[in-house]
Structures are given as C-alpha cells and as structure tokens.
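Annotated features in TrEMBL:
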BINDING   HIS66, ASP104, HIS312, GLU316  divalent metal cation binding site
Amino acid sequence: MNLGELVSALNDFASPSLAESWDNVGLLVEPSPPHVVNTLFLTNDLTEEVMEEAVQRKAELILSYHPPLFTPLKRVTWGSWKERLVVQALEHRIGIYSPHTAYDAVPHGVNDWLAKGLGACTSVPLHPSTAPHYPTEGPHRVEFCANSTELETLLAKIKDIQDISSITTLPARVEGEEQTRVSLNCSQKALLEVVALLSKNSSLYHKTEILLLQKPLLPHTGMGRLCTLSEPVSLLTMIERIKSHLKLPHIRLAVGKGKTLESLVKKVALCAGSGSSVLKGVKADLYLTGEMSHHAVLDAVADGISVILCEHSNTERGFLSELRDTLAVHLQNKINIIVSEKDRDPLQVA
C-alpha cells in the first residue's frame, strides 16, 4: 500500500481526534515519497533494539503505540537515542506512526482489551470522548423573535455576517402578536457581531436566547473503563485472572482498607498505562492499571479500594497481537503485519 493510503486507513481505524490534547499522534516520520509499505511492524515502545529488529524484518512502516517523538527535537544527530531513531528510520526509509491515546479511547482498543482479562462484564468509559465536530456548523445558537416590519432588514444584515449557518424561521405568537422566530448557528466571532446587531433594538435584545452547543458524546469511546462483573469474585480470583491475561508471574498489590484477599470484587476501574489521573475519584472495588503515584495508591487504599499495578507497558503490550489480526481485516490483508519480538517492559522483577 502507498504510505498515504495506509495512514488514511489507520486514521479511519482510530481517529487521531480521539487522542488527548497533550499527546503526539499520527505520522511522526515520513520518508520521501513515493513510499510503498509491504510490511507494517507493530511495537509498544520503539527502542533502538526494536528499530534494529524492524530493519532486519524489512519493515517500511513502524506502528509504535507510544510516540517515540514526544517533545520537540532541536537537532537530529547521533547524540541521543531518540535522535538516532529518526536517523535510522530515514536512512532505511522506514516511516513511524503512533496512535497512543487514540487507541486507549476507541471501542476496540487497548482498554477494552485489558477489560477482557476480568471475566464477563459490562463496561463504560470513565471519561467519554466527544465528537470532533458539532452536529451543525458553529458552537453557538441564537434564537429571537421579530415582527414582520423589522424581520426582512434584520435577516439581510445577519446574512452579511460570516460564519453563520442554519438560519431557520418559524411563525410564532408572542404576547398575542404574530411574529417570526429566528434560529441560527454561528461561530464565536460571528456571535459577537450578531449580539451587537440585536442590541440596537432593546426589546429584541432582551428576549434573545443564546445557547452554547455541546459536541455529542461518542458511544463506548473514551479514556479508562468502569467494568461491572456479571458475577462478583474474590480479589484473589481477580488477581489470578489478570496475571493470566497479561501473562505475568507477578503483579503489585495494595489491599484496600478493611478488605482482604477474600473480599468480593464487583466493580473494576481500569486504565492501561499510567492511571492516576484517569482513575482519581472513581468509586470501585478495584483499580487496575500499569502504574500510579505513591500518594494516589494511598488515597485509593484509604477509600477501601484495592489497587493492582502491572507496570506501565505490561497493561498495553498484549493488545498488539489482537491489533495485528484486527488490522489485517481492516486493511483487507493487503500488507504483511508483524509484531516485535524484542519489545518488552524495561522493568523486571529481580
């Protein structure tokens, strides 16, 4: 596939608009065109060891879940490992694409994969995502009523204002008088001009309604998940399920105040990666994430919430195998998709 075509397909799979505002997602390194991709290489973290593997496997595009380029580079030299990644990528004509938090939010993404390890359950996002656009053009709606003598002149002036859309008129009866109700959508800048125009008529202005429109929530999409188990199980059973799902011999555990390993777990709040900010204040029996700050763990335990920490990328990496199969279908098996064998969490239990 042509690189542009592939990036477009990847964006369709999980829109970059779903990513958090602080994130750095999408195509990060692009070889000079034309660039054809026969092999897509999946990794959780793009380290130098993983880059060497991608070169050996003759990949033309690396999909790195975590963006290897996050803060701006002031130079591209052989001086630091992230700069060397860029040099090697360009020398070997390998593109780099990162989805990161877009894959956290999407319904078929990392957090839903993590939830599969809990057993039968229903889940909802902890922080739902909103649609990238308003249902109509402009974030503001203005509604007012005018009589027939002033309506034609007023509408003519309004239509001269830029960034106004969806002007509708309906007959209305106001205080026994036949009038016309006008409704329009507009941008922030246009709103100021509309208000200035309407304020010239005090009786009209004081009966004007201004509504701030909200972008609609996207179903099953957003950061984190609150999972309700079909049948409650003991904390000990949940630990074994999570270890099995993540293929980990050990996890870190903090037992909530007043709880034991035999205490029942019904609700689990989870967040792949680093969960402190996403899980904060959520009512649940258990928090599941990769890492949390010391004080966030203390807060949860004091509230009677147990905490399971699995290390950051251990809560993400297993998703890559599922992603490989899902992308193969999404991309109609047009390219070869492989998962890194060198990618691993940097923290080990010694």
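Each residue, glycine too, has its Cβ placed from N, Cα and C.
TrEMBL does not curate its annotations; it predicts them automatically.
TrEMBL feature annotations superimposed on the structure.
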| residue | record | contacts (Cβ under 8 Å, 6+ apart) |
| --- | --- | --- |
| HIS66 | divalent metal cation binding site | ASN44, ASP45, LEU46, SER98, HIS100, SER313 |
| ASP104 | divalent metal cation binding site | VAL110, ASN111, MET223, GLY224, CYS271, ALA272, GLY273 |
| HIS312 | divalent metal cation binding site | GLY273, SER274, GLY290, GLU291, ASP345, LEU347 |
| GLU316 | divalent metal cation binding site | ASN44, TYR65, VAL110, LEU114, ALA272, GLY273, GLY290 |
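Taking the mean position of the Cβ atoms of HIS66, ASP104, HIS312, GLU316 as the divalent metal cation site, the remaining same-chain residues with a Cβ inside 8 Å of that point are ASN44, TYR65, HIS100, VAL110, ALA272, GLY273, SER274, GLY290, SER313, THR315.
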